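The feature compositional bias 'Low complexity' is assigned by Swiss-Prot to 596-609. Annotation source Swiss-Prot lists region 'Disordered' at 594-618. Among the features that Swiss-Prot reports, repeat 'WD 1' is placed at 26-65. What Swiss-Prot records for 71-110 is repeat 'WD 2'. The annotation repeat 'WD 3' is assigned in Swiss-Prot to 113-152 on the grounds of sequence analysis. Annotation comment: Swiss-Prot describes 164-203 as repeat 'WD 4', evidence class sequence analysis. According to Swiss-Prot, the feature repeat 'WD 5' maps to 206-245, an assignment based on sequence analysis. What Swiss-Prot records for 248-287 is repeat 'WD 6', and it gives sequence analysis as the kind of evidence. What Swiss-Prot records for 290-329 is repeat 'WD 7'. Taken from Swiss-Prot, the feature repeat 'WD 8' applies to 350-389, supported by sequence analysis.
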Amino acid sequence: MLTHKTCQARKKMQVSFVIRDAEEKQHRNGVNSLQLDPNNGKLYSAGRDAIIRVWNTRSESSEKYIQSMEHHNDWVNDIVLCCNGRNLISASCDTTVKVWNAQKGFCMSTLRTHRDYVQALAYAKDREQVASAGLDKAIFLWDVNTLTALTASNNTVTTSSLTGSKDSIYSLAMNPSGTVIVSGSTENILRIWDPRTCMRSMKLRGHTENVRCLVVSPDGNQVVSGSSDGTIKVWNLGQQRCVQTIHVHKEGVWSLLMSENFQYIISGSRDQNIIVTEMRNPSNKTLVCEEKAPVLSLGYNMDKTGVWATTWNSDIRCWKLPMYDRGTLNSSGGLDAQWTQGGTELACIKGGAAIKECTVLNDKRYILTKDSQDQVVLYDVLRVVKKDTLGPIDYEAEVKKRNKQVYIPNWFTVDLKTGMPTIVLGQEEVDCFSAWVSIEAGLPECVDPTTEIKINYGKLLLEALLEYWTPPHSIPQNELEPDMHGNGYFQVPKHTPVIFSEVGGRTVCRLLVRDAAGDSECTLLHETAPQWVTDVVIEKNIPKFLKIPFFLQPHPQMTKPERTKKDRLVANEFIQCRKVCEHVLEKVLNAETTPSGANANNSLQNSQSDGNSEGSQLPAEERIELSCNDVVVDPNMDLRTVRHFIWKQSTDLTFQYKTKQNFNYDGSIGDSLERVTRKY
């Protein structure tokens, strides 16, 4: 993979991945742009799910899918076919412009010149020149032949820039000969450049809101623009003014398509209508169809008798275009002109459902989602899989049903922008290493009854995602033993995309789990992976434990309290309350204790009888009762859960203890729980 890099300081990084199927044949969100190859009938669609898909429009069956082109990790905003259909250029919210082999579907190179979302592309067919523009107010010109010739040894590319824009650019257009380039922005004006000299020639005022779409006539003399103000304007560049304003939509105009003779305008709007209008006589118009959502993009079908349309929804539909029949001479000497009937749906490429709602369950391992078709699905974040499809059930009731009374710190966030669940791991507001749990709770299928192990969700997941990454020059600690990869418990799907990106910024690296073993991918990971990732994946360091301070004092009902003052202790936050009970018996009451799950007879066979031997064989939690805020605490609860659900205060947690039976005890308060917890 070739990368056009700019020099910049190392920034804070995050790691994200997408829970998805190995092959996603349907768009899972809106479709922003279309390109039809008239040579073979292939339709290219740029999705908000970050995927470009290719369809066979000549197929009579409902199965038109050919392949997916994947390397972006955010909305693909625009695409253009070039080099007679051999290559495709794409622009994305991930701030990159990518060059693709359109026939084989792989990414040839990535251009990282833009500093913000890349919103629009323009193509001059006769010159094989592409322009890109976006929210960074910049316009760059690219020579397509140079881009497609990039290799591993020849990876330097130069670009010309068009300066002067003062606001974010949302639309861009060029004529085929590349003599005129026009941009539209939130500045509400059109700026015109000569791309041959990179000089700005004029700016045109008239729109009152963002200019969302543009078309330049083949001769470069006229421009048609659509705006969020609901109008379509026709501009004469020679006269440097608007010569016509067309009002046919009730809301913003987001897409324009012109007839070959530049006489008819087909427009798609936020009002969900597609309308065809005669440019010279705007009153001569007709409705093509009413879509089910705001219209994002339009494109002709093969014989230009219909128009493909995309919307906020994931379906792509082809509608029959009405034709204007100027009619015959009537008795009064006029013409009986009329539109032929259009609006028939000629074809439909069905899309999939986009996830619209998501809840992270209290166990911080599973998420529950609801999509645009009201289907409720359970995902396992740790194993990166869809766990269960529950159907169109009551979402809120299911969340309530599945939420347990357990508190585990947030260790990931969920992004639904693409319509699929993207899980984000980082070290900023949410620490991905904050979730320590017992293996019994986190991975019950891996429990060894003879051990009590704590696992860290973030560490296990990063080790699984980067299981195949072996850094250059790595040497096993023991050459007689093989290198240990992964986390030793489970693997994640090998098709999972893993993305390294700057926090709140640009993508640095994207790869699939299975590809991390490649030489180039290993080198790229070595250069881009943040230190907090290499610490756990390569160095095998253990994330630090988070500790909780708390007070321990006798309950007022204690018959013979050892002392009345509170003692301040510190312990790992995942320590269960049964350990506090053991501490009370061992260190406060100096009584013998049987660890939970141990054989009482074996552990106490050498202990002296004190008259309470039968009681002393019971686990500590059956001999000591802990309470917090006058609520008896479940010994299986950990300290952080008690603090979150019962204590509910910002001050240090306070426990009261009392015996469930009368025991003989003497001695003083022992060491703090700091020492006790080290062995658990």
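Count begins at 1; order follows the chain as displayed.
Yeah, the Cβs are placed from backbone N, Cα and C, and that goes for glycine too.
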In the same chain, which residue numbers or ranges, 6 or more beyond the ends of the repeat 'WD 1' (26-65), come under 8 angstroms Cβ to Cβ? 72-81, 84-85, 88, 90, 92, 94, 100, 102, 105, 293, 296-302, 308, 310-314, 316, 318, 347, 349-355, 417-420
Of the stretches 164-203, 248-287, 290-329, 350-389, which racks up the most C-beta pairs under 8 Å with the repeat 'WD 3' (113-152)? 164-203
Reported in the order helix, strand, coil, what are the DSSP residue counts of the repeat 'WD 1' (26-65)? 0 helix, 20 strand, 20 coil
For the repeat 'WD 5' (206-245), provide the mean pLDDT of the predicted model. 97
Quickly jot the same-chain residues contacting the repeat 'WD 2' (71-110) by Cβ under 8 Å, restricted to those at least six beyond its ends, or write none. 1-4, 16, 18, 32-35, 37, 39-40, 42, 44, 46-48, 50-52, 54, 116-123, 125, 128, 130, 132, 134, 142, 144-145, 147-148, 150, 155, 157, 417-418, 497, 499, 501, 505-507, 510
Within the repeat 'WD 5' (206-245), how many residues are helix, strand or coil going by DSSP? 0 helix, 22 strand, 18 coil
So, by DSSP, how many helix, strand and coil residues make up the repeat 'WD 6' (248-287)? 0 helix, 21 strand, 19 coil
Per DSSP, what is the helix/strand/coil residue tally across the repeat 'WD 3' (113-152)? 5 helix, 18 strand, 17 coil
Run through the repeat 'WD 7' (290-329) and tell me, per DSSP, how many residues are helix, strand and coil. 0 helix, 21 strand, 19 coil
